[in-house]
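Have a look at the structure below before the remarks.
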């Protein structure tokens with residue numbers, strides 16, 4: 001229902017306009033206070049790159065963060081990552097991730113980023129505290145990437161990157177809750193890079209698509225082409241589950257059942273195992289896999305995806321960030 005409201009297919013969005021105006025008024029006032037220096041920002045001693053969204057819902061932001069971290073690491077840059085840690089609840093903050101950190105403590109996306117990149121990752125409701133924790137333990141970190149936080153204006157940033165779903169784009173264009181917008185589309189004029197996940201990019205936007213890899217067994221780590229798996233039940237607890245189901249079909253998989261879950265939804269063995277019957281195979285996202293690995297069964301697999309950016313702009317962006325991190 002919410003997708004139909006935000007896309008404009010349902011007329012119910014008009015009923016929510018008063019709340020949207022209030023949201024826009026408050027969020028605009030907050031940003032104005034920071035622009036006029038009525039509210040103080042905090043600046044880290046190293047460059048900060050924000051990777052965020054203008055809209056609520058999944059846009060492919062986490063794969064972009066992983067791509068960015070890996071690309072900088074390949075260039076010899078030591079990277080730290082900070083996040084709010086949505087879906088997690090630590091005993092205390094800031095929390096610096098380790099091999100023993102669970103998604104219940106840190107949230108699924110920070111754990112995924114940590115496992116994929118081996119970068120220093122910290123979570124905290126106050127992102128400046130997370131940055132301080134990283135730099136205290138890893139003083140050699142040269143640049144910080146913040147996963148989300150475009151609207152967290154208390155944190156000064158050197159580069160802003162926005163990720164857009166190229167198919168859904170901005171829906172009906174209204175602020176939450178009548179539409180999907182955290183900020184209006186005009187905000188794009190002030191950011192450094194706009195990455196468009198799928199669809200048809202517009203002038204100045206960087207095209208991106210998600211490239212699926214081989215399916216990975218949660219228990220054994222065995223890999224195979226996902227099309228070889230039979231009697232598949234697909235599960236996705238991400239911001240936009242239909243994208244994952246479409247990816248499976250693109251790979252030649254016709255799921256017997258597709259199960260969309262809420263983003264950051266907590267999972268347990270009983271609930272997940274109930275999704276599959278005897279002889280069926282469960283295929284989930286990598287983001288779900290980090291929550292399920294501890295209690296996985298032999299017929300559970302996940303399909304990793306990697307962000308693939310095209311054109312000349314990614315190289316220019318990476319050169320800019322490498323120069324920033326190197327102090328040039």
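Using N, Cα and C of the backbone, Cβ positions are placed for all residues, glycine too.
Keep in mind the model is a prediction, meaning the values are calculated, not measured.
Marked as ATP binding site by Swiss-Prot: 55, 56, 57, 58, 59, 60, 61, 62.
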Which of 57, 58, the listed binding-site residues, has fewest other Cβ atoms within 10 Å: 57
Under 8 Å by Cβ from residue 60 (ATP binding site), counting only residues of that chain that are 6 or more apart: 163, 165, 197, 198, 208, 210, 243, 307
Fewest Cβ neighbours within 10 Å, where candidates are the binding-site residues 55, 59: 55
Cβ-based neighbourhood (8 Å from the centroid) of the ATP site, residues 55, 56, 57, 58, 59, 60, 61, 62 excluded: 53, 163, 165, 239, 240
Sequence-distant neighbours of residue 56 (ATP binding site) in its chain (C-beta under 8 A, six or more apart): 176, 180, 182, 239
All-chain count of other Cβ atoms within 10 Å of residue 62 (ATP binding site): 26
